[in-house]
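Undergrad: From TrEMBL, for reference:
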- 1-81: domain 'Acylphosphatase-like' (DOMAIN)
- Arg10: active site (ACT_SITE)
- Asn28: active site (ACT_SITE)
- 64-83: region 'Disordered' (REGION)
Amino acid sequence: MGRVQGVFYRNWTVDNAKQLGLKGWVRNRRDGSVEALFSGSPDVVQEMVQRCRHGPPEAIVTGLEVFPSNDDPGTGFERKQTV
């Protein structure tokens, strides 16, 4: 939540997730938010969540929701189409 679209948040997320060795995906939502799935060791996922609280320099993150998921993260980390 906040200003997270049009500021390269998805590309930044892909770069950071790959740097940390996470699996999953990131995508924009039509409501102006960004949604992501991170899969990896709990410590590394927590590090990614902390990074997402700040985002890239142009982003203004005003809220972040975190919850467990059983969705398949895939084999790498990718940017998905807007939903």
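A Cβ is built for glycine as well, from the same backbone N, Cα and C atoms used for every other residue.
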Undergrad: What is the interatomic distance between the Cα atoms of Arg10 (active site) and Asn28 (active site), given in whole Å?
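TA: Counting only the Cα atoms, the answer is 8 Å.
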Undergrad: Return the count of C-beta atoms lying within 10 angstroms of the C-beta of Asn28 (active site), excluding that atom itself.
TA: 19
Undergrad: Which number gives the other C-beta atoms within 10 angstroms of the C-beta of Arg10 (active site), all protein chains shown included?
TA: 20
Undergrad: Give the residue counts of the region 'Disordered' (64-83) per reduced DSSP state, in the order helix, strand, coil.
TA: 0 helix, 3 strand, 17 coil
Undergrad: On the three-state reduction of DSSP, what should I expect for Asn28 (active site)?
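TA: DSSP assigns Asn28 (active site) to strand.
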